[in-house]
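Feature list (source: Swiss-Prot):
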type     : residues : note
DOMAIN   : 35-452   : domain 'Sema'
CARBOHYD : ASN86    : N-linked glycosylation site
CARBOHYD : ASN141   : N-linked glycosylation site
CARBOHYD : ASN149   : N-linked glycosylation site
CARBOHYD : ASN252   : N-linked glycosylation site
CARBOHYD : ASN407   : N-linked glycosylation site
CARBOHYD : ASN582   : N-linked glycosylation site
CARBOHYD : ASN653   : N-linked glycosylation site
CARBOHYD : ASN692   : N-linked glycosylation site
CARBOHYD : ASN771   : N-linked glycosylation site
CARBOHYD : ASN821   : N-linked glycosylation site
CARBOHYD : ASN871   : N-linked glycosylation site
CARBOHYD : ASN890   : N-linked glycosylation site
MOD_RES  : SER978   : phosphoserine
TOPO_DOM : 35-944   : topological domain 'Extracellular'
TOPO_DOM : 966-1568 : topological domain 'Cytoplasmic'
Amino acid sequence: MEVSRRKAPPRPPRPAAPLPLLAYLLALAAPGRGADEPVWRSEQAIGAIAASQEDGVFVASGSCLDQLDYSLEHSLSRLYRDQAGNCTEPVSLAPPARPRPGSSFSKLLLPYREGAAGLGGLLLTGWTFDRGACEVRPLGNLSRNSLRNGTEVVSCHPQGSTAGVVYRAGRNNRWYLAVAATYVLPEPETASRCNPAASDHDTAIALKDTEGRSLATQELGRLKLCEGAGSLHFVDAFLWNGSIYFPYYPYNYTSGAATGWPSMARIAQSTEVLFQGQASLDCGHGHPDGRRLLLSSSLVEALDVWAGVFSAAAGEGQERRSPTTTALCLFRMSEIQARAKRVSWDFKTAESHCKEGDQPERVQPIASSTLIHSDLTSVYGTVVMNRTVLFLGTGDGQLLKVILGENLTSNCPEVIYEIKEETPVFYKLVPDPVKNIYIYLTAGKEVRRIRVANCNKHKSCSECLTATDPHCGWCHSLQRCTFQGDCVHSENLENWLDISSGAKKCPKIQIIRSSKEKTTVTMVGSFSPRHSKCMVKNVDSSRELCQNKSQPNRTCTCSIPTRATYKDVSVVNVMFSFGSWNLSDRFNFTNCSSLKECPACVETGCAWCKSARRCIHPFTACDPSDYERNQEQCPVAVEKTSGGGRPKENKGNRTNQALQVFYIKSIEPQKVSTLGKSNVIVTGANFTRASNITMILKGTSTCDKDVIQVSHVLNDTHMKFSLPSSRKEMKDVCIQFDGGNCSSVGSLSYIALPHCSLIFPATTWISGGQNITMMGRNFDVIDNLIISHELKGNINVSEYCVATYCGFLAPSLKSSKVRTNVTVKLRVQDTYLDCGTLQYREDPRFTGYRVESEVDTELEVKIQKENDNFNISKKDIEITLFHGENGQLNCSFENITRNQDLTTILCKIKGIKTASTIANSSKKVRVKLGNLELYVEQESVPSTWYFLIVLPVLLVIVIFAAVGVTRHKSKELSRKQSQQLELLESELRKEIRDGFAELQMDKLDVVDSFGTVPFLDYKHFALRTFFPESGGFTHIFTEDMHNRDANDKNESLTALDALICNKSFLVTVIHTLEKQKNFSVKDRCLFASFLTIALQTKLVYLTSILEVLTRDLMEQCSNMQPKLMLRRTESVVEKLLTNWMSVCLSGFLRETVGEPFYLLVTTLNQKINKGPVDVITCKALYTLNEDWLLWQVPEFSTVALNVVFEKIPENESADVCRNISVNVLDCDTIGQAKEKIFQAFLSKNGSPYGLQLNEIGLELQMGTRQKELLDIDSSSVILEDGITKLNTIGHYEISNGSTIKVFKKIANFTSDVEYSDDHCHLILPDSEAFQDVQGKRHRGKHKFKVKEMYLTKLLSTKVAIHSVLEKLFRSIWSLPNSRAPFAIKYFFDFLDAQAENKKITDPDVVHIWKTNSLPLRFWVNILKNPQFVFDIKKTPHIDGCLSVIAQAFMDAFSLTEQQLGKEAPTNKLLYAKDIPTYKEEVKSYYKAIRDLPPLSSSEMEEFLTQESKKHENEFNEEVALTEIYKYIVKYFDEILNKLERERGLEEAQKQLLHVKVLFDEKKKCKWM
């Protein structure tokens, strides 16, 4: 692992010297141990973390990746790898043992290429998704698309391991990823899900090219596993001295055990995998089974040392753990490199095969630095000020700090942070790359930014510097131990001391007897300010004894003369001032004479007389004057060996005797809090025979042992110890008797203080006795549980506690007020911890009970009580039933049911013989609820029972009355139904007779002189066919092309035009686009239409493309169902075929089919308008479609009008006939009458009137009076619910021969009115159909309308248009002059040839292909959409009728025989008799085309060339090319990848890249 170190940011210029108050405030503001550290929390457990040198911190949790700023206070961006946009976490099998990282979706998180010249930083992420995919993204923002990605790079199993490192190698300095992963796991359910390709099944280490698009594996880029190697769990990957190292250990994922020793694999830092060997790592010292699990790894590069955390534990829980379970071991990299021989133990290469017995050499750690601990999880190492600093994470949420000595000797770790929740620390610790005083601590779902030292805990300069913490130093201006960055002007060496200075350089005030006549007060240390002041003051009298100023660059000194008057000075205050800060000290001379040692005497400011060996007042003299000047000159005392400290090792007979006599059995408790324990009991034998008994506690191997004297030997088998406070850890315990060997007791765990998370229930009754449960952790170290009440004080409560649970009975507070709150407290040693609040409320109130007996051997007792908030459980309640004189039965609690008013408690008494007797006897019920005991009164008979007696009598009376009323109503209903049936029969007879008569007698006079057929020009015909649903393209494609310069086409479009004329390229692009999931059916149709327009003048080339794509489509369909080919428009070629047919058949459509088609539409319109048409719904009496049948029609009649047209400037011709007779219906609205009048004018004069419908009005001429006719006016009928009925001719009572004047409106014109649901015409609202809206003679008419009565109208309409329809059909499937259109003949021959090539012998297949390509794909589209061909407006009703005609047309081409019954839809039945005739004609049509002589290629090319010339400059081809490029650039990477894989398209690939450059430059120019 490579750790970058940045220089500290430039500091601001030095300000003026701050005041002492400011220095004090700065000291308060500096962060301390208790400050809240910033925490970032995720939704799921964190699986990976990395810090970038410039772009913040990256954290992977579940399926999410977050980018945070360095302070963890702001989230910069987030990436969701789950398609649903959730941060899900893996649902793994049984949770793995804690010494190993658990399941995670994230496998790699590697920032790289940071700071490279001219290159931006990148982030490589590896996930289990998509078979172990890796992505490369820019470091700046995760939301940007990935630059490169590849599959099968990392392990795709959430439990599997992955380690990797990115480096540069080769001549071109390309970036490579060396990755080691557990690609295959033994679990069958996961193996089938995401195993890699067979060639990668035994891959252990792979080399990937990160600059390739798919992160492809190098040709020599795999290192394989030996057959018997099993699964390897890789922990880390790092670079050192030109090699890549992978620490790992063999691991059985099924059993959860390590199957071999941890090892280190080594490969060369090269462009291919060059295996350089492996070496085993032995960190098993101090553990009987060895430590075979490798938990964490860190390379201390500056020291060329690798640190690892090893573990022997294989399961969860303290019962599987011991004080020696884990260890920190340091290995010299040079030794690992020397011993990593190329043995084939776990890995095989091409040169060497796996050999049994060829074991790797074992490397031993640096013994002095090995640190043994009970529960380490992670390590990170670095070098600060030439000191090696190691940070260690633990399983109980601690962050430890170890500082190695000169010989790499580990000191006792310092706890620099503890997680309150005790979450295990993540296996990877990450330093802050910007500020090296921080480290990121990850645990569970949280990341914290922690300061790397607690400098402020050192209160003095000497304490600060003797702690040897390289992060800390003494700040003179603040008089505190701080980080250098927290000290003002720390760059000034006079203001800052680090550990290299040593404690001797700390500033210190000393009082020295310089001579017999005077005493000197001075300051020693490394501090030499330019100017200083000093002053000595008598504290008792506030008198100054001395005051002085220093000479430049010299320390101030104060001389006090030796006077008899100064003997009474007991306390002096000495102060040195240095401009911005002061140094002061107080000396007390009261006890000088009591001090017996020279160092202690001189330290307090007293004077030591050498010859007399006594301590005196400093302002008096020795006799003779033989005092020591300072502490350094005191004689060195020889230390005596004390009884404490380390236990003596006595190997004499006493030891052997102790081993034979004394016996240790157990220690209780085995867990104590960090506060210690005053009564720990050790059990065994023969304790009273020993005189000196000590307990020795040994925790972390590099820390001092605790030696504790026995407190009290209780008897021969029990003794008591009082344990001191300690940090959280597990310790070995042994007992030493009389200086003999230490007998092991086992282990003892120091754990954190208890923590409460829940009290349930939180409300109880005042009498107490309810079972209360507390949830939390570390409850097994509680001494007492106390209820604290404001009146009753502290109440000790009996409790039962385990680690996470504590139960107790709520005490009674009966004498207190009814509603009160108490505090639950936990006592640990002499410390009280608040656990929460317990609410007391008044006792429950019981209202009664009842006893029921459904079975003779069982009684049910139901007790009612008032509703309350007590959560009563089965353990809280006891119910007893007393019956007879002495009978007593216990009732078993069943459940409690809470109702709206009362709560019911149900209990049952089972196994009795006389249940019914007991239920009817005298009885009472006793309820004991905790401490509450009471008798419940039996429920009284409610008054409702009397009501239940009267109820049956009333019920009988009501029933008889109801029967009488019902019979009367039934008779009335039968009479009305008979009348209605008679009326309905009469109506049916009339309608059937009228329908029959109309069918036989009706005749439609088709107007043949319909004038010129209003054909659309080719341009609009083509666009409506190409884009039936996209009207927005009409304008951009039809701009004036004649004024455009042909040479004006820009270079990018010219290049693209040339590129799509490359057939292989274009076909490849189309196939690639169709494989994209988000390339929808709409996109395919649009792309085909854009391509048709772009190649409109290159129809020969377009036809060749159509041929290739059709053949490819045949290849796809021939393997599945060939009859389905071309049936739907789901591919580009199908829409392309539609467009091609439209282009090639446009002339045939205009010359042959257009006129009969227009005649059909006109005839159909005439027939529809002959009968009533509802304006609102567009339904009509005469129709071909049952869904559009107006069967709610009233009686109607024809009204002949004499219409007079006003002379207008738009139509002043003298030849125009202005008096016209027009027939309308009395049920027509005024708007419908206008349309018929306009149509009559057009038919009479051959030209339109000159105005639009909304520009004219109608006036009824009544003598000298006129009345304007409107659809809605003041006389309109308003129905219920505010619905307005539109005015009709009948509404105005206009009779035959009435004169109507057509005039031009003067007011502003309005567009055609779209009537809302608030209006109606012929179809009335349901509630109105029962009312008489047209007079009494029509009463009830609407009520009995039946749809089937009017089905003959469908047949009548069919007969009216039949001859016109057949003329149209035969114009389509006939061959004028015995010649088929070129396009049809060519494509049908093409289909015949392809069928023959593919050996398709079924003639039905070819018939279906032809039907799908011509009638279905072209003619049906035209028949249903006349507005594609003519300049007319298609109404919804016409659309419904044309759908029936189009269906009949397609049925004529179908090969299946129609099996129609009486229940078949009318749309099918209408042309059922005609279809067989049509089918025969179609077969003859197909045969005639096939029998025609084939077209030569030159004929077809000539035809296509002529068609191309016809349509030159019809469309704006540049727009089409631009739209095509949008699709190409959207899927640019996919197209480019496809071109790379296809042979022969290298030139096309270059052209495509050139086109993209041209378009990109054009885009840049637009912004300039």
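Quick reminder: no glycine exception, Cβ is built from N, Cα and C everywhere.
For ASN86 (N-linked glycosylation site), the spatially nearest entry among the recorded positions ASN252, ASN582, ASN871, ASN890, SER978 is ASN252, judged by CA separation. For the recorded positions ASN141, ASN149, ASN582, ASN890, SER978, the largest tally of other C-beta atoms within 10 A is found at ASN149. Taking every protein chain shown into account, ASN252, ASN407, ASN771 are the glycosylation sites, and of these the Cβ with the most other Cβ atoms within 10 Å belongs to ASN771. Straight-line distance linking the Cα atoms of ASN252 (N-linked glycosylation site) and ASN771 (N-linked glycosylation site), rounded to a whole number, equals 46 Å. In sequence order, PHE737, ASP738, GLY739 are the residues near ASN692 (N-linked glycosylation site), counting only same-chain partners six or more apart with C-beta under 8 A. A distance of 83 Å separates the Cα atom of ASN890 (N-linked glycosylation site) from that of ASN582 (N-linked glycosylation site). The Cβ of ASN871 (N-linked glycosylation site) lies under 8 Å from the Cβ of PHE760, PRO761, THR763, each on the same chain and at least six residues away in sequence. Within 10 Å of the C-beta of ASN86 (N-linked glycosylation site) we count 14 further C-beta atoms, all protein chains included. Separation of the C-alpha atoms of ASN771 (N-linked glycosylation site) and ASN821 (N-linked glycosylation site): 17 Å, rounded to the nearest whole number.
All protein chains included, ASN821 (N-linked glycosylation site) registers 12 other Cβ atoms within 10 Å of its own Cβ. ASN890 (N-linked glycosylation site) falls within a strand when secondary structure is assigned with DSSP.
ASN149 (N-linked glycosylation site) sits 17 Å from ASN141 (N-linked glycosylation site), taking the C-alpha atoms as the reference points. Over the domain 'Sema' (35-452), the average per-residue pLDDT in this prediction is 87.
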